[in-house]
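**Student:** Taken from TrEMBL, the feature domain 'Gcp-like' applies to A:27-312. Marked as Fe cation binding site by TrEMBL: A:114, A:118, A:306. Among the features that TrEMBL reports, substrate binding site is placed at A:137, A:138, A:139, A:140, A:141, A:172, A:185, A:189, A:278.
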Ligand SMILES: [Zn+2]
């Protein structure tokens, strides 16, 4: 029996240099280098710092993934890479590297969509995805609801997206407001555990009939509330603010995700992206999906954030479906449409 | 030994395939040597190792914004045209800048990945050496650093003196004048013709540009004065032939990334 093709996946759309190796539906190894610490003092990802870090980390991260798998370069049967969307300079490093590996090894190149890869990674843990499914992707860079027909052969269809800040961005900004470090997701999640979600922060666009989100107004509302406390000389109940903010985010995201499943007649919801690691989002999604008879699939946190395994997973689906490879002049497209 | 060379430090996306051999060599090969090659006695006089080299392919495409799209097809074309399979390559040479960061990284990561995939050494060379090492006398090499600045280095008879720098054209002129340079060359010169007017223009590169112009149906000629990847190979030929482990590949950015630390959170009611 011949072995199924081994696909090397490369992800560099933001601040993580991710490399994954997938054979068939199985994750063989992955490796990650992150420049997140270098960005922390700037309160957000600095594109030039991220791009420099990718160049430095690219080859060593690939070597590490291969070492972990006990494989050599020549065992690779295809190379997949995030072609967009993302930071232009960062994407370019990964795309150029992927082309060089594919060209040097004489194997096909597959440029893939970052958001589709976030969905595809779930197949490594929970097997093939029912067609169609709905995906909610939430991170510092994106907040999208997608209809997912066939991951390998059909483009995902956008149902809605944030009209301003991404959900993760709102977490970062609110965290800064509360004196917490970047990225803001983990510290807010931790603080919220001891708090009561009893401050009525707004749910923008809730029940407006669209599948779009807006988090900019929420962030401003939190800022105004905290400021009013400062002015009146009262202490800021950090845990309560964190819990109430988090509740507002999770409420809108899960309500719209469930509504999207209903409107599409779909009974499977996949949640991915860094914010999928958020405990309240997971809990509320589980509750609401259960009530609506929707099967909820959430990959483990390590696979929710940007990584190479997700790119390898989608590349693997494409290779096995016989999809034509990408040309050598594949561009890195920061605003790649779905 | 077959060597793949790349440079993306200027608006030119440049690729060469070079056959490198130690001397003495097969006399038949001697006859094939590229006309611009240095005679062995010159190399010896310059204290360099004796080698012969022949560019099997050398081509550049000029497009400052599309290195990422142009480079891989050009490498594929080079290999196909020269009838070389990647495993036949013995080394990679890559221009390490200075150059605009985004395009520079395309060449560097391509070189690094190619080398890693094939398990062959990757030698980084200061890109300005791809221009400066074929000049004579005291010469300043100038390339565009954008933001009204230039990257530069000084050469004496083809050997770089000191490290490359970045600065405003007028400041670079003052340093070149002080160092006794009499001529300047490189694609940065034409961007500030009045500033560099006091220097003669080094013509050493004109023959190269002409030669590439006449090359078989090139997408574009080698941009006059842009770093020639085949020349970069010559810069490290002795290291390659001697099997020396290259130094770690380090891009010559010469500038810190633009990044400002955030101000304290603003007061929203006041700021609106
Ligand atoms: Zn992502």
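Cβ coordinates come from backbone N, Cα and C, glycine included.
Have a look at these and tell me how they're positioned relative to everything else.
**Tutor:** Around residue A:306 (Fe cation binding site), the C-beta neighbours below 8 angstroms that are at least 6 residues distant in the chain are A:11, A:13, A:14, A:16, A:18, A:114, A:139, A:274.
Residues within less than 8 Å, Cβ to Cβ, of residue A:141 (substrate binding site) and separated from it by at least 6 positions along the same chain comprise A:13, A:14, A:86, A:166, A:168, A:169. DSSP assigns residue A:141 (substrate binding site) to coil in the three-state reduction, placing it in neither a helix nor a strand.
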**Student:** Pop the Cα-Cα gap between residue A:118 (Fe cation binding site) and residue A:185 (substrate binding site) into the table, whole Å please.
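**Tutor:** Counting only the Cα atoms, the answer is 18 Å.
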**Student:** Considering every residue in the domain 'Gcp-like' (A:27-312), what is the mean pLDDT value?
**Tutor:** 96
**Student:** Going by DSSP, give the three-state secondary structure for residue A:114 (Fe cation binding site).
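**Tutor:** The three-state answer is helix.
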**Student:** Of A:137, A:139, A:185, A:278, the binding-site residues listed, which put a C-beta under 6 Å from ligand 1? Please answer none if none do.
**Tutor:** A:139
**Student:** Around the Fe cation site recorded as A:114, A:118, A:306, what other same-chain residues have a C-beta within 8 angstroms of the site's C-beta center?
**Tutor:** A:11, A:13, A:82, A:115, A:117, A:137, A:139, A:142, A:272, A:273, A:307, A:310, A:311
**Student:** Return the residues near residue A:278 (substrate binding site) by Cβ distance under 8 Å, restricted to its own chain and a separation of at least 6 in sequence.
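**Tutor:** Counting only residues 6 or more apart in sequence, the Cβ neighbours of residue A:278 (substrate binding site) under 8 Å are A:185, A:189, A:246, A:250.
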**Student:** Distance between residue A:137 (substrate binding site) and residue A:118 (Fe cation binding site) at the Cα atoms, whole Å?
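**Tutor:** Residue A:137 (substrate binding site) and residue A:118 (Fe cation binding site) have their Cα atoms 7 Å apart.
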**Student:** List nothing but the one residue from A:114, A:118 whose Cβ has the fewest other Cβ atoms within 10 Å; the candidates are the binding-site residues.
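**Tutor:** Output over binding-site residues A:114, A:118: least Cβ neighbours within 10 Å is A:114.
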